[in-house]
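**Student:** Starting off with a structure, shown below.
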């Protein structure tokens, strides 16, 4: 055994949870991701999906992908920089830019590669990156790849953000990067106050709208639109893997920023471009969420009903303001156990443990879709109450 194998062989935490029968990852789904999914030959209520608009199984989205494959083939065989740009990519970029209210947009192969490529491309050694300490892992990795000076502020603590800004050279670029909706806790960034501090300290703002697009704002344009601050946010990032029912991501900004990123963001230049099917499916989903406002209304009807039911049942759900509902457990082992008990009762939820949260903040994450019914929500709440009570958590 080599030194690397010796080092990595010591990592046996997954095996310990497997031995206890509570390992919760890589569970296999045997069909489309709707509100109910086929797993192990059984129907399971799906409350662990990020498909907020409920479009992943929509026949129009599927058919758009099929047609694109017939026209363009299964892949692009190159990066956008060289032979991998399709007219379909350009159309999607134009429509995304218009949708989020920016001059231009660039499409990347995944949402993760947007943040891991854009962030280091924007700053150098003389600049500063300032992040919320609960920003997504892709933002964390993006700032780690940057040569800039890096600062963090306590979650949604605007006084601490101001303290960090005061540490910066006033003549240097100061890039504040924040999740619009925090993916584990479901709360929103305090964007109005961040914008105020932007002007006070001559900073730049980048908002990750991964969990805001299709959920907040007019026609689902995101948290920036929800606050009426699109024009104050310099860069807007989004993904296709949630409300747009596909895979990929984008960054939108003014033309000068996009021109720079187009020629300097390494994950854009050196990654193969989005497949034709993924691009066409995202484009069709974008059309649907604009054409069907009732879908957004249904999402919020389901969300508000679920929030009411979980609160009435006595769950601790924190400060969530979104279809992401955290049910706090505050114990890693019990978080895995409650996930297993819920699954045994036919409810799929996601466990959240460090490093996705602080050790004292472990939780199970419930997520709503526009297509969830009140009956499905009621059944899920009933089963989760049973699971939590079995572990003396309620």
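Glycine is treated like the rest: Cβ placed from N, Cα and C.
Source: prediction; values computed, not measured.
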**Student:** Which of these, 70, 155, 211, does Swiss-Prot say binds pyridoxal 5'-phosphate at the same site as 111, 112, 183, 239?
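**Tutor:** That pyridoxal 5'-phosphate site, as Swiss-Prot gives it, pairs 111, 112, 183, 239 with 211.
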**Student:** Quick check on the recorded positions 211, 242: which one has the highest count of other Cβ atoms within 10 Å of its Cβ?
**Tutor:** 211
**Student:** Looking only at 183, 239, the binding-site residues on record, which one has the least crowded Cβ, with the fewest other Cβ atoms within 10 Å?
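**Tutor:** Checked 183, 239; of these binding-site residues, fewest Cβ neighbours within 10 Å: 183.
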**Student:** Within 10 Å of each Cβ, count the other Cβ atoms, then let me know which of the binding-site residues 111, 112 comes out lowest.
**Tutor:** 112
**Student:** If you pair up every Cα among 111, 112, 183, 211, 239, the residues annotated as binding pyridoxal 5'-phosphate, what's the maximum separation in angstrom, rounded to an integer?
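**Tutor:** Farthest Cα pair among residues binding pyridoxal 5'-phosphate: 14 Å.
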